[in-house]
Each structure stands twice: as structure tokens, then as C-alpha cells.
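Take a look at the structure below.
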Amino acid sequence: FGRMKPVIVVHGGAGRIFKEREEGSRAGVVRAALRGYGILKQGGSALDAVEEAVRSMEDDPHFNAGCGSVLNEKGEVEMDAIIMDGKNLDSGAVSAVKCIANPIKLARLVMEKTKHMLLTDHGAHLFAQAMGIPETPGEKLITERSRERWKKNLEPDSNPEEFQKDLGTVGAVAIDREGNVACATSTGGLSNKLIGRVGDTACIGSGGYADNCSGATSTTGHGESIMKVVLARLILYHMEQGMSPEMAADTALDYMKTRVGGLGGVIVVNNSGEWAARFSTKQMSWATVKDDQLHYGIYAGERHTKSVDEAHASESEGY
């Protein structure tokens, strides 16, 4: 065994989480964190842990990723995802993919089975077929809520910006026993976005970044703003300069807000296992497990703590 204590941190998106969805969001991030931690606890890799945590949230209709993704202007789901290995800076990403349940799985395959880092749209689709990934009818990924929102945004007097406030993206970062870090991020993007729009999620350094030399981070929020400041890499840069994860996250989010007026949230773990979950939006659902203690919250300053055993016991009862 290595010497590190494993840590996982997950987020379910920054923005405004409507009251009636709070419970589901909390339960969803907690479930994802516990699943990822289970892998780490058994000596599994950070890479497997973040992929599993994100997959769990893609399958949960509460989040804007996989099933439950928002719709583009044409009423279709187009998803982006990225995964990165801090050991050798290998990364895989997909953008504008349709009709698959778990874009994060496909991103992992791009990383491991091709010489490339990012496959898009039709090419990503062909690659998924070649890898034997089953096709999920687009309809299956669309929830009633996503369709309702899409319709609302089509009304002449609608303001899609208003609805962008609950910008769901899901993500995870982890450090395993060997001291390797990894990140994974997945999203359905912006509601009523132009066809072919790709946000920060699929872009290395923006939607996520992982480097054993400093740590790993996954971001959520206004994609175009995140891309302008290359938010994920900026946070790691601050940590390389000696800042704690929390300080680095706050400094970078503050810069994004003052420089380009963008709001968002981030989760961070550094290479010694310190973590942070910070956001400049009203809310961000997040959860983390370290030392067999689960912490989770949605509002600024909110932090619940349970033992992992307690959390597994109450999983069946909800939160």
C-alpha cells in the first residue's frame, strides 16, 4: 500500500438549486462520493474513483449531465465530458456527443484507446460504436423538466439567462493511496445553446486539470467565463505558488468574477490530500470523504458531517 490517505470530492453543479430539488441534489452528491470512496478504500485508482462518481451523477436525473441534461436550441441533448490522470497528464474528452448514457466512460476510452485527447460529435459517435458502447435513444436522456425548460426558453419574452442560474455540471477529484490525483467533469451544457456549442467542460485546463505535482480540480459555472481565465489550471497555478486549496480556489473565482463577471464553483484536492469546495454562485451541491468522514452541503457555510458507516445506513432513508 502507498502512504496517502485517499480523498474524494464531488460537485453536482454551481448556481441556483431550486428548493424542491435540494434533497435529490444532496443525496446524489453523497451517493457519488461514497461510491468513489469505496473504490479508493479498496486500493483502487483515483482515475477509477472519479469516473465512477461522475457516472453515478450522469445516471441521476437531478443533474445536468447524462440523463437529465438540458436541451440545445433544437431540443436535443449534446453532452461534454473530460477525465485527466495526474500521473502523466494524460487526458481524454468528448464534446457534443448524443445518444450515450455515460459520456465520462467515452472520455476515458478516448484517453486510453486513442492517441488523441478530444473527439467531437460524429467522430465521437463513430468511436463509441467501435468501442461497443450501446446507443441510448436521445429520448431516454430527456427528462420532463428539461423539456419544460426548453419550451419556456423558446417563448418570445423568455430570458434563457434567467434559467442558466442552475448551471449543472457534475465533477469529481480524488487522490488515491499511491498519491496519484485525477479529475473528471461531465455536463449537458447550457439550456437552449446553439447546436455545436462546446463549453469549458471538454477543455483541458478549464473544465478540469490534474497534476500529481500540485493536485486536481473540477469546475462548474458559466462555461465561457471559465474558458476565458482557464480556471482549473489557474487554481493549480496558485497552489504551485504555495496557496492552500481553499485560498487558491477563492483567489481564482474572485479573479473570474472581477475580470470577466463570471460566477462558478470548484472542487480541489492537493497532492497532500487537503481539499476544498468553493463557489461564487448562490449554491453548489458538493460532498467529500476523507478519513472515513463524509462532509456535504449546498449553501455557503453549510457543512454536514457523518461517518461513512452512518451515511451508508441512511442512504436508504434519504437525507
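Each residue, glycine too, has its Cβ placed from N, Cα and C.
Just so you know, TrEMBL annotations never went through curation; they're auto-generated.
Copied from TrEMBL, the annotated features are:
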type	residues	note
ACT_SITE	Thr169	active site, nucleophile
BINDING	Arg197, Val198, Gly199, Asp200, Thr220, Gly221, His222, Gly223	substrate binding site
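All features noted in TrEMBL, drawn onto the structure.
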residue : record                   : Cβ within 10 Å
Thr169  : active site, nucleophile : 34
Arg197  : substrate binding site   : 17
Val198  : substrate binding site   : 21
Gly199  : substrate binding site   : 24
Asp200  : substrate binding site   : 31
Thr220  : substrate binding site   : 32
Gly221  : substrate binding site   : 27
His222  : substrate binding site   : 23
Gly223  : substrate binding site   : 29
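If you compare every pair of Cα atoms in Arg197, Val198, Gly199, Asp200, Thr220, Gly221, His222, Gly223, the residues listed for substrate, the longest distance is 16 angstrom. Each residue contributes its Cα atom, and for Val198 (substrate binding site) and Thr169 (active site, nucleophile) these two points are 13 Å apart.
In this structure the alpha carbons, written CA, of Asp200 (substrate binding site) and the residue listed as 'active site, nucleophile' are 10 Å apart. Rounded to the nearest whole angstrom, the C-alpha distance between His222 (substrate binding site) and the residue listed as 'active site, nucleophile' is 10.
Checking the binding-site residues (Arg197, Thr220, Gly221) against Thr169 (active site, nucleophile) with a 10 Å Cα-Cα cut-off leaves Thr220, Gly221.
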